[in-house]
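Novice: Annotation comment: TrEMBL describes 619-633 as compositional bias 'Basic and acidic residues'. The domain 'ABC transmembrane type-1' annotation in TrEMBL covers 47-327. Annotation source TrEMBL lists domain 'ABC transporter' at 339-591. Look at TrEMBL and you will find 593-633 tagged as region 'Disordered'. Taken from TrEMBL, the feature transmembrane segment applies to 44-66, 159-179, 185-206, 273-292.
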Amino acid sequence: MPVVDQAVNSAELGTPLGRRRAPGAPPLGSVPRFLLWQAGRQPWTLAGGVLFGVVWMLCQVAWPYLLGRAVDEGVTGRAGDVVRWCAALLAVACVQAATTTLRHRMAVTNWLRSSLGVARLIGHHSADTGHAITATTAQGEIVATVSGDALRLGEMFDVVARLVGGVVAYLCVAVVVLLRSTLLGVLVLVGVPVLAAALTVLIGPLQRRQQDYRQETGLLTTLGADTVSGLRVLRGIGGEDAFVDRYARQSQRARVAAVEVARTQSWLDGMQVLLPGILVAALVWAGARLVAQGVLTAGELVTVYGYATFLVIPLRTGAEAAQVFTRGVVATRRVLAVLRIRPAVQDPGDPVEPPPHGSPLEDVASGLVVRPGRFTAVVDPDPDAAAAVATRLGRFDDAVLRDAPVLWGGVDHRSVRVREVRRRIVVSDSTPHLFAGPLVDGLDVLAVREPDRARAHPRRHRVDAALQAAAARETVDALPAGLAESVAERGRTFSGGQRQRLSLARALLTDAEVLVLIEPTSAVDAHTESLIASGVRRARDGRTTVVVTASPLLLDRVDDVAVLDHGRLVGAGTHGELMRRDDEVGELYRSVVARTTSDAEPDPGTDPSDAEAGGVDALWEHDQEDRDAATDR
């Protein structure tokens, strides 16, 4: 059966594609362009972070210089000058403390704005794209993109302030040392880039292994999500062990990939300690030689040593930035892969006015015509073909509708704004999901979509009427908090039949001009099905309703029945007329209906509508009379 639940949810929640305000239109051509676009969304915090990062680093650069001057003045015995340099050190310490706090605040702000902004962008895009995104991307992959990749992307905006500050500080140190000693200046100018280049040798392998690890964890997340969503079915068929084995194998593959990442990461971490240590030793050794030669003073040697130890900070910051950007680029590619998925439906470039209220719907591919104000049933020996007709009526995939258009009042409904189609035509799937949160909010979507219209009728009255029509009143009454009960994700705490009835109530509460129901009673018993048939008929009296079903209890209460043979209309009539027909259409119809009633197929010419309780009761009464007569004989 086609997956339409997400699009149905979007329609029923009243957040249609053309109405939702997206957080922006990002460029999706390349990773750098996307990152620059994201940076443009937070320019002031980025600029503030860079500014405070530079000042913070320069304060650390000033420490060795001021300390060296204080040592030189102390050696010469000028106490007043020593006090002045110490006061300068205190002032620098205060500035450094303030800028450290502000830099960290800006860094966290940049991280949160970028990561949460991208996560929100993915969320909006997922909702706007509808079922197209789940048709091409596993749900676990989308979850991993929001929960993991968006955070990795945000880390790049966190580290950028320290990276820029480190580069500026390195250049300042190089200039200061170069003015003191050409030899030491050359060591700084050449040594730091060489060491940084040596560290980047490991970045390529690390990036590839992180990408492999990300792929394996994405598959593991997908497998876990699929297992949880189908846990009840797995327990029913005894398939838990098979899925545990599959999960264990995938978990081991993810573990192996993680070990490969850790191995490369450990080499990189070790190099971050070894290489800066070599640079510090080289600078101190060269500085000591210059002091022995009388080229540098003792205070200047202290300054050189301070600079040598300080250069470890920008060098490690550069290495950290390389790792962060490696992970961030991989994560950004995953984000772009999700954002490049196009919605299955989009507003036309030149939309037309929607047809007037009460316009018929015609599915050209099948030949089905839905007359306004009528309760129409669609019967097909192939349930998927019948469901495909229903989804075409609801416009869930414009690509499919190019070859099989639907005319709405004579107008191709692809030329109408999606918002208008979603508002007036609602499709409810046979396997729906309920939204997390208070039950009443998940049912009464009209109050969210059109609060003014909803206030015209008391909410409690509307909800109670819908629950009664869907035979879901007992389900709600059994809940400890009733309508205020908090629903778990997808309504997993409810049984399949309970979810189906609550979803039917939700669909009825949309008060849609055209309501399309796909197998609305497939998970309930016969008694409940009879109550639903009567309730829906009563609730939708005089309004256009289409139901895809093969249930005689529903078919007996509709106005028209359209008989399809693998997606093509072959006949129409009432339930009783079709049951009496002795041609191929009648035979096809009875075969589908009898399959629903345990092969209880009547003889041609039997009128199932004679019984007060409906066609099925008449069939069973006729069969019981035959058995009684045989017993008497």
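Cβ atoms are placed via backbone N, Cα and C, with glycine included.
Note that the structure is a prediction, hence the values are computed from the model and not measured.
Please go over these features one by one and say how buried each is and what sits next to it.
Specialist: Counting residues 6+ beyond its ends, the transmembrane segment (185-206) has Cβ neighbours under 8 Å at 170, 173-175, 177-179, 261, 264-265, 267-268, 271-272, 275-276, 278-279, 282-283, 286, 307, 311, 314-315, 318-319, 322-323, 326 in the same chain.
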Novice: Just to confirm my parser: what is the rounded mean pLDDT across the domain 'ABC transporter' (339-591)?
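Specialist: Across the domain 'ABC transporter' (339-591), the average pLDDT comes out at 89.
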Novice: Given a Cβ distance threshold of under 8 angstroms, which distant residues of the chain, six or more beyond its ends, lie next to the transmembrane segment (159-179)?
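Specialist: Residues 46, 49-50, 52-58, 60-61, 65, 103, 106-107, 110, 185-186, 188-189, 192, 304, 307, 310-311, 313-315, 317-318, 320-321, 324-325 contact the transmembrane segment (159-179) from elsewhere in the chain.
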